[in-house]
Amino acid sequence: MREIINIHIGQAGIQAGEQVWSLMCAEHGINQDGTRNSTSANGNSDCSVLFSEGSRGKYVPRNLMVDLEPSVVDSVRNSSYKELYHPAQMITGREDAANNFARGHYTVGKDMLDVTVDRLRKIADNCTSLQGFQIFHSVGGGTGSGFASLLVERLSVEFPKKCKLSYTVYPSPQLATSVVEPYNSVLSTHSLLEHNDISVVLDNQAIYDICKQRLKIERANYRNLNHVISQTVSAITCSLRFSGSLNVDMNEYQTNLVPYPRIHFMLSSLAPMISRQENYYHENNVAELTSSVFEADNMMAKCNPRDGKYIASCLMYRGDVVNKEVTDAVKNVKSKANIQFVDWSPCAFKIGVNSQKPTVLPDSEFAQVERSCAMISNNTAISQVFERMNDKFDLLYAKRAYVHHFVSEGMEEGEFAEAREDLAALEKDYTELASNSVNEEDSMLDEGETLN
């Protein structure tokens, strides 16, 4: 048993979590009230990774939902899954973070930190061999940026040897919900750089485009977006939850994908992403799926991987897949001139193969398919996300616009400059890692640059 605790922070994290847990229940044969559905339970599944079993045979998610104000959590308490969640594992405050990192990190959020950590300790004490934590949040809002950063910092102290993998929603190039999103994002990323182990970067614009172009949804809403996120999370964690011929655990993700602690921001992709109506026209063989996950249109963040180089990637196949087909498909990808790899990384691929077919919910736009492929990749093109974010930060900070809102919550103004300099160093790190010269790479490390 290798348990994972899921933490959902703020509106984005909690709403994504609702969809994730609906799908996890369907995959593991668990009803909305937590009872086991013997007819749909899969014999290869280890639901104890994500669920604890109570004394009456009821299964409870190993999760925690936290928000600084109650409305989003209250909607979960009144949802059709209200009996699934343990009431003590839904924590709310009385006032929100008002889209302000400093409120989530220094004032309102700080007051909720101890009760949150105490509850996490109790959940961890109920685990026999805790693998680590999955954290769902957005860095654009105040709670998802400020409180999530504060909690991840504390987890590094309380659980120093446990892997922390976050699904982090970044502001979209064209979609902004708050004028201070660039501040929140830079300040939060500055903290994640030091304290998080793996950050899977998502952005709403990329997922909107997937909904429109791939799933043929003309006007996608957050529920549609969260369906895409939940399918991606399911595919990434499949080998953690089901037995297979080639399985990958959380620590292997970290070992294989993260060459230096700071370089832990990942792209993710999934194939096939097709609507129910189009399912009849797609072959979806292993070679096609493998090629598709390297396409920019299938990436969950707005950047072009062909502008960068792959440092490493994990490919997770599930369903009707033969190992030899996977080997042939990977060889084919390696031979493509438009997919580049850094020459200093000895092994670019980690493979997971699992026989469990993908599951789709009845209200999902996704077609039911026989096989799928998901990829988490470390590609230097992810720096495009940070470049856009930094440019927007600079426009605001040049005028010191809205800075007083943060300073009035106990934050030092110098933290803005410190965080921005750290992000500039991160951009430089990715530029240097894309260098083809091993000698240049060696010299970069000798000079004591920021990759440590």
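Heads up, the Cβ atoms here are built off N, Cα and C, so glycines get one too.
For the GTP site, Swiss-Prot lists GLN11, GLU69, SER138, GLY142, THR143, ASN204, ASN226; matching the candidates THR35, THR177, THR189, THR237 against that entry yields THR177. Under a cutoff of 8 A between CB atoms, and with a sequence separation of 6+ in the same chain, the neighbours of THR177 (GTP binding site) are ASN99, GLY140, GLY141. The Cβ of GLU252 (active site) has 16 other Cβ atoms within 10 Å, all protein chains considered. When Cβ neighbours within 10 Å are tallied across all protein chains shown, the highest count among the binding-site residues SER138, THR143 belongs to THR143.
GLN11 (GTP binding site) counts 22 other C-beta atoms within 10 Å of its own C-beta, drawing on all protein chains shown. For GLN11 (GTP binding site) paired with GLU252 (active site), the C-alpha to C-alpha distance reads 30 Å.
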